[in-house]
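So the structure is just underneath, and the comments pick up after that.
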Amino acid sequence: MPSAINAAVAQQTAAGSVPSTTSTTTEGTGGGTGGIYSAIISRNQPIIKVKEKTYEELHKKCLEENILYEDPDFPPNETSLFYSQKVPIKFEWKRPREICENPRFIIGGANRTDICQGELGDCWFLAAIACLTLNKKLLCRVIPHDQSFIQNYAGIFHFQFWRYGDWVDVIIDDCLPTYNNQLVFTKSSQRNEFWSALLEKAYAKLHGSYEALKGGNTTEAMEDFTGGVIEFYEIKDAPKDIYKIMKHAIARGSLMASSIDDNLGFHYGAAPRSDIGELIARMVKNLENAQMTYSTVDYQGTDERPAWTIMPMQYETRMSCGLVKGHAYSVTAVEETTYKGEKMRLVRLRNPWGQVEWNGPWSDKSEEWNFIDEEEKIRLQHKIAEDGEFWISLEDFMRHFTKLEICNLTPDTLEADKLQTWTVSVNEGRWVRGCSAGGCRNYPDTFWTNPQYRLKLLEEDDDPEDEEVICSFLVALMQKNRRKERKLGANLYTIGFAIYEVPKEMHGTKHHLQKDFFLYNASKARSKTYINMREISERFRLPPSEYVIIPSTYEPHQEGEFILRVFSEKRSLSEEVENMIEADRPSKKKKGKPIIFVSDRANSNKELTTDEDAGKDGEKTHVDEKKRSSAKAREKSEEETQFRNIFRQIAGDDMEICREELRNVLNNVVKKHKDLKTEGFELESSRSMIALMDTDGSGKINFDEFRHLWDKIKSWQKIFKHYDADHSGTINSYEMRNAVKDAGFRLNNQLYDIITMRYADKNMNIDFDSFICCFVRLDAMFRAFHAFDKDGDGIIKLNVLEWLQLTMYA
């Protein structure tokens, strides 16, 4: 059955962009960007991808076979723990039933006091969990509550996380790492409650290992729990209405966290990667010295059991006031009360350790509470307990804390949430080294090669108090998979973005803005800074118009994937800019060479002629006379005479040459161009040229075919010399984009990526041999496509035989 070769599918899958009707990308499903491009980058994957079984299917199978689930993708061994070095002690992986009697998934509802940090620097993750427990709808989405150690128990559990635009279901078994029968990592304040430990394991699986969770920003986990978008404030530079912002965030159900810089340059909860050995050493020491501590609560007749306490391994620094530097806290409430006749604004925070609290004004036992009546204490949920939660005045909060992170919920977080009015557009992209990883504006030669996204702001805000015609929107740029790739040496890139207004004459077009535009136009808005966080976001207010967003890493040549989200209060459109895929075609007065299928030559000599073959006899005669006149003029030239003599000497009487002979001819001619530094053409290059220029299937090319090839090479040679400004004999892969355009070809980013992968060396340079081979292939494949595309609609249909004939002999 013939398959349509059409560009529409791949580009819509990749970025929601409007595709070129002349693209030659085949239809495809899955695999990232789809189409031929995804077929190339995933060609080593199994031909048939078996659909993974769902939680329900696996759970049912375990019950039917009366077995406990064992996760093959996250096994109970060292590979799931640490990747940088081995742990000198042996952990035992145990199921909850082996750790304590009467284990429970959740006891009395999941709440923020259930979470106690273990021997891992993931306080950022636990602070986010504590925030999550404040929103029961979100909590039930992340932690499906229909799971139990009693009814239909099969040793299998699942949790759901937002992952770069999609919600994914992470399935795990319930084997947990222990030492001396104690959980090593996160645990509940109640010994027989395990939802927090299992949630941490699922999150570790999502990122490849427990070690991958060491160090991070709370908003990273908040986003993975909600699909929300972050706002980040340096408290010393916070707006005057910061209390109002925090109060409004709590009312909207947003998640919020805060932290204190340690003045050592560390992020909270994170040690330098080189210190993982020290982390493990301290962890071992703490585990070996850990003592069980028991509460005085009477547990008779309940499912609760005594909790143990292990002080977490820490790079954090405790202050005399009880707060901890380099540490993340959950913001669980923001309230206002009356104190001695005056309004007092308070902030409630929680330490993920489940202990170690603020001991200043408004702490659990402070004298300020003596002036608050009992009813107000109940409203504020004040209690005296070493549970890690405490109140602090807004003034002291602003004095001691340095960062505030807010994760705002988006319309797709909960379908029933009617308070949200944002419209959201999501675009996925990638920076490719040597092609579309151009770095920031400091690198003008490559900045313009970064992916570009058009933003159309169509409607102004509904704000009767604001007379300006303004559109409010938020841009969020997130880099993908960097935490999961830590074991391969990956770190977070320093990222940011800039926004430019598109000239009115270019509104509605799909053209990739070129280098000169950015040299002579200033940005209308940009991220305040480039920062090495997973996501950077910024609010903007601009007049209705058409803009282009340029996401980038700070330095060029840094390869990675990203997701760009645009949130607007009113209707807007956002899509990736993709050039229309096309090539300049020769004048219709020139008769094109027919394309002949190899298998048809011996039979019917079937031809697929170009549109130019249709013409009147008088027109043909005129063209022939013009060709003969032009040929005579060329033959008079010294180069032509020399050219024919060389060709005749090598080709012999049949005046046709094979790949070895073509190589000799080209190299003999190229040698005479002293200003072109090249070692000549490789045999494989001439083999490819023969295949692409051979129109009669003889495996050789005649003088006319060679003449056509040489004319092309001469024009391409001029382009090469123009961009080889330093006469090194190479051009860099970024310059190749302009060279391709100068040669009459217009391609999209996916095709530029492929050219870079196929023809550039490890230094992202393209030599003359590879340069010419690339252009010969582009020229031949465009001519072939146009020959098949008789109705000019940008779609051709080929059966398998035709497709293989066209692609294998090329």
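Count begins at 1; order follows the chain as displayed.
Positions of Cβ are set from backbone N, Cα and C atoms, glycine also.
Taken from Swiss-Prot as is:
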- 9-31: region 'Disordered' (REGION)
- 578-639: region 'Disordered' (REGION)
- 613-639: compositional bias 'Basic and acidic residues' (COMPBIAS)
- Ala651, Asp654, Glu656, Glu661: Ca(2+) 1 binding site (BINDING)
- 681-714: domain 'EF-hand 2' (DOMAIN)
- Asp694, Asp696, Ser698, Lys700, Glu705: Ca(2+) 2 binding site (BINDING)
- 711-746: domain 'EF-hand 3' (DOMAIN)
- Asp724, Asp726, Ser728, Thr730, Glu735: Ca(2+) 3 binding site (BINDING)
- Asp789, Asp791, Asp793, Ile795: Ca(2+) 4 binding site (BINDING)
Of the binding-site residues listed as Asp696, Ser698, Lys700, Ser728, the one whose CA lies nearest the CA of Asp793 (Ca(2+) 4 binding site)
Asp696
Segment confidence, the domain 'EF-hand 2' (681-714), expressed as mean pLDDT
81
Using the Cβ centroid of Ala651, Asp654, Glu656, Glu661 as the reference point for the Ca(2+) 1 site, which residues of the same chain not in that list have Cβ within 8 Å?
Phe647, Ile650, Gly652, Met655, Ile657, Cys658, Lys700, Asn702
Using DSSP, how many residues of the domain 'EF-hand 3' (711-746) fall into helix, strand and coil, respectively?
23 helix, 5 strand, 8 coil
Structural state of Glu705 (Ca(2+) 2 binding site), classified by DSSP into three states
helix
Among all protein chains shown, how many Cβ atoms are found within 10 Å of the Cβ of Ser728 (Ca(2+) 3 binding site), not counting that one?
11
I'd like to know which of the binding-site residues Glu656, Glu705, Asp724, Asp789 has the most other Cβ atoms within 10 Å of its Cβ.
Asp724
Secondary structure of Glu656 (Ca(2+) 1 binding site) (DSSP, helix/strand/coil):
strand
Determine which residues of the same chain, besides Asp789, Asp791, Asp793, Ile795, have their CB within 8 A of the center of the CB atoms at the recorded Ca(2+) 4 site, and list them by sequence.
Lys790, Gly792, Gly794, Ile796
Measure from the CA atom of Asp694 (Ca(2+) 2 binding site) to the CA atom of Ser728 (Ca(2+) 3 binding site) and give the result in Å, rounded to a whole number.
32
Select the closest residue to Asp696 (Ca(2+) 2 binding site) from the following binding-site residues, measuring between CA atoms: Ala651, Asp654, Glu661, Asp789, Asp791.
Asp654
Most isolated by CB count within 10 A, of the binding-site residues Asp694, Asp696, Asp793, is Asp793
With Cβ-Cβ distance below 8 Å and at least 6 positions apart along the chain, what are the contacts of Thr730 (Ca(2+) 3 binding site)? List them in sequence order.
Asp724, Asn765, Ile766, Asp767, Phe768
Work through the binding-site residues one by one (Asp726, Glu735) and point out the residue whose CB has the fewest other CB atoms within 10 angstroms.
Asp726
